[in-house]
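Peer 1: Copying in the features that TrEMBL gives for the protein in this structure:
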BINDING   Arg113, Lys153, 158-164, 188-191, Glu196, His219, 276-277  ATP binding site
DOMAIN    117-306  domain 'ATP-grasp'
Amino acid sequence: MAKTTLAPTTLAPGARIGIVGGGQLGRMLALAAARLGMSCHIYTDRKDDPAIEIAAAATIAPYDNEMALAGFAADVDVITYEFENIPAWSAEFLAAIKPVRPSPAVLALTQDRLVEKNFIASLGIEVAPFAQVDDAGALARAIAQIGRPSILKTRRFGYDGKGQTLVREGSDLAVAFRSLGGQPSILEGFVPFVCEVSVVAARGLDGDFVAWDVGLNTHEHHILATTEVPASIDPDLRVRARDKAMRIAEALDYVGVLAVEMFVVSTPEGKRLLVNEIAPRVHNSGHWTLDGAATSQFEQHIRAICGFPLGLARAHGPVEMINLIGDDIFRWRDFLDVPGACLHVYGKADARPGRKMGHVTILKSAERDDDDSTR
Ligand code: AMP
């Protein structure tokens, strides 16, 4: 990937950061920026997004509105995103006015599962077997090559299990392809994984790379439910996972925080790691760092995009992060009584099923130490 051509500017407190996307990730980025004395301008197409009330300024306009994008860019010193499904040309448009970090090229690459998988494989990093599927005929050929069960995924705009369908023995291929709207897709072999892990890491403007310890993730209905750190996997596997994330970040000439999701598979020769996905942004499986690490992923991202030195990623001790999805948020009060529990509420008005409403970080050492505390 081409190296960044913009001069590496270093900003200072007082600077204004533009964040494209107004969800909880933008909200937590804006809070971290405020602590470093910087203000944020949120660009979103939804007027009730939770980042808006935290930010100094907001532009509410479609992601492809040139005039609104230009006004937003003029008001800020550096631009980042917390939501990767913005048109790649919007990111290019912004980058012609102000530095966009991570670069629009990274955004474009991670928006397309086929391009992303080819890129990861080109680094010699293992991924699930995959094949391009542009029509029902190509799906039949891909099944002949990869077998069943397998997962058909749209190349673009998939998240939290949306835009994918399992192809089992006996599944009708034409129905499967139509169920995703007949969109350009990829077929992936179903990975019989032992567990899912992620590496959340940061790369600075100067190329410095810092990774937090690996998280073990569980999902419910394809949505992240919990992250446990450190992941209860072999220490050697944790080192290998972080090394893969570093190779990916370097090959992308990445600036900012990224997450790399991986499957752990068991083979007669030992455990192997297959990379599933790259998220070019702060990530839900890194939320524990707000309470459980020397530097949070949100502060680290702000540091990276501003050209500041990166902070230490050391964890204070073992932690578990629990997502509060939909109605779970109504249990907020219970968590305030749990020793070592840190509650985060995103301020979303409507607790729809499947909606991420908040999270709780449980500091395991605080639970143990509670008896000696002076509270
Ligand atoms: P994704 O949208 O690719 O992150 O997939 C969402 C979830 O679906 C993952 O976290 C896995 O639990 C599951 N999944 C995705 N791809 C595969 C695969 N090739 N084999 C098995 N499970 C998968």
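Yeah, the Cβs are placed from backbone N, Cα and C, and that goes for glycine too.
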Peer 1: By Cβ count within 10 Å, point out the most packed of the binding-site residues listed: Arg113, Lys162.
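Peer 2: Of the binding-site residues Arg113, Lys162, the highest Cβ count within 10 Å belongs to Arg113.
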Peer 1: Of the binding-site residues Arg113, Lys162, Glu188, which ones put their CB under 6 Å from ligand 1?
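Peer 2: Once distances to ligand 1 are taken from each Cβ, Glu188 fall under 6 Å.
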Peer 1: What is the total of other Cβ atoms whose distance to the Cβ of Asn276 (ATP binding site) is within 10 Å?
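Peer 2: Other Cβ atoms found within 10 Å: 21.
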Peer 1: Specify the secondary structure state of Glu188 (ATP binding site) as given by DSSP, simplified to three classes.
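Peer 2: For Glu188 (ATP binding site) - judged by DSSP and reduced to three states - the answer is strand.
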Peer 1: Are there residues of the same chain, six or more positions away from Tyr159 (ATP binding site), whose CB falls under 8 angstroms from its CB, and which are they?
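Peer 2: Long-range Cβ contacts: Asn85.
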Peer 1: Which residue among the binding-site residues Glu188, Val191 has the fewest other Cβ atoms within 10 Å of its Cβ, if you could check?
Peer 2: Val191
